[in-house]
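Down below is the structure, laid out as structure tokens.
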Amino acid sequence: MHTHNNFKTPSDADELDDLDDDMVIGVIEEIAQEALVGEDESDSDIDEHDLADMEAPEPNQNADENESISSDSSFDPNAEDSSDSDDSMLEEDEAEGASSGEATSAKRRKDDNDGPCGSAGDSAAFDLDDLDDETDETVRAIIAAIKKPRSAPPEIKLEDFITDVCFHPDRDIIALATIIGDVHLYEYGNEGNKLLRTIEVHSKACRDVEFTEDGRYLLTASKDKCVMVTDLETEKLKKLYETAHDDAINKLHVLDENLFATGDDAGTVKLWDLRTKNPIFELKEVEDQITQMITNDQKKLLLATSADGYLTTFNIAARKLYVQSEPYEEELNCMGIYRGSSKLVVGTSKGKLYSYNWGYFGYHCDMYPGIKSPVSLMIPITDRIACVAGEDGNIRACHITPYRNLGVVGQHNMPIESLDINTSGELLASSSHNNDVRFWNVKYFEDFGDIKYNDKHNAYKEKRHNLPSSKCTNASDFFSDLTKEDEDNADNNDAAAGPSNSA
């Protein structure tokens, strides 16, 4: 509190007598003057608009009133001044407080009526209404996309590296093999995926996982040189082929409910029967890793590709070599059967696709340039369409005989490790080095017509074209929408103009 030197608290009657009335009145007037100055300084922050809102008089108006008061002839300097009393000062303070309270409440009522932004709030609301009208179609499109049902299951993400995936032949179950030797069984669906169980099968990396044709057993091959057969109903081990190979097993192929074949890193191929302990036969015709094995519906021939560039064919019934191809200066990584089992197509590490007539596997009859990046995986989608994938992270569809790039089915951020398709041929699953499994609905390939040899095509655009299952869109789709909109506007203008009345 600010103190004044002229104002003293009397301690006795003598000091009280020393205080005259003029001194007391002067001190009171000084305190009142400072209070008024403080109020003026606090009110100086209010701008002219706030003064108008509080119905305060304008500065010029105050000046005029002061002049009129000073020029009033009725003013008597000798008249008794009632302002010297304390009671009159209190009444003036109460009157000022009441007037300021009324002004504040009036301003508060005006602010409540105008909203937080006053008159600007109305213009802002108007702009938002215009914005809503302009973006109405975009909002509707976003809502429709959110409400649109999924056409494929969501992504599955694991902590461990996924080495292989395999669909169950009868149920909506997919098996995921991992680098730590475990197998995860998931029940998949468009609404979500559910982990059914995790089976610890191998002490080292599980490189391949397959179901038997009847779906009763799960077969796994591992780097620990073992093959394990697990009963899915009881989750118990049915059979263990310990040290099935002298080297790490890389590939496993199921022929039927009893027969299966295995291939290791040293090029040895063995054929097994679940009803026996020992292999039916064993052949070693190459010196490098077996990359894939396959057979047709007749199951008379077993074909194997290897990393040293050979396509080797075994006669199952005779248990001997049928034919071996000429060596290629590139790795043969994958293969598929097409055209009613009349064509075999092999993918290589240089991105090429070699075509063979069935039964004549000594040398290819045709060669396609492919995608110019290593083709590590191949899955037949239809009798004439294949999906290939590799290190670039893209899954591409191509037409076989004649060869055409159809476009991109799906994408991963890292190289793709495995591919598989379900029994109905509608759902494709892929895993990548990012420890994820993605699903792609490829049912639209059923509507693809056959391609003729003399059909005109643009190879550059076909290689980069995104198919319906892809998560990316084509730049041409944006302009096609604009063209469609222009055509609709033109039709509306023609309809509004009406038919021409010619004389």
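We count from 1, first residue shown onward.
Using N, Cα and C of the backbone, Cβ positions are placed for all residues, glycine too.
According to Swiss-Prot, the compositional bias 'Acidic residues' annotation covers 12-23, 37-56, 78-96. According to Swiss-Prot, the feature compositional bias 'Polar residues' maps to 59-76. Taken from Swiss-Prot, the feature region 'Disordered' covers 1-131, 483-503. Per Swiss-Prot, repeat 'WD 1' is recorded for 157-196. Per Swiss-Prot, repeat 'WD 2' is recorded for 201-242. Under the heading repeat 'WD 3', Swiss-Prot lists 244-282. Per Swiss-Prot, the feature repeat 'WD 4' maps to 285-324. According to Swiss-Prot, the repeat 'WD 5' annotation covers 327-366. The repeat 'WD 6' annotation in Swiss-Prot covers 411-450.
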Can you see whether the repeat 'WD 6' (411-450) and the repeat 'WD 1' (157-196) are touching - at least 3 CB pairs under 8 angstroms, only pairs 6 or more apart in sequence?
yes
Averaged over the whole of the repeat 'WD 5' (327-366), what is the pLDDT?
96
Do any residues, 6 or more residues outside the repeat 'WD 1' (157-196), come within under 8 Å Cβ-to-Cβ of it, and if so which ones?
149-151, 202-211, 213-215, 218, 220, 222, 224, 230, 232, 417-423, 427, 429-431, 433, 435-437, 439
Over the span of the repeat 'WD 1' (157-196), count residues by DSSP class, listing helix, strand and coil in order.
0 helix, 22 strand, 18 coil
Residue counts in helix (H, G, I), strand (E, B) and coil for the repeat 'WD 4' (285-324), per DSSP?
0 helix, 21 strand, 19 coil
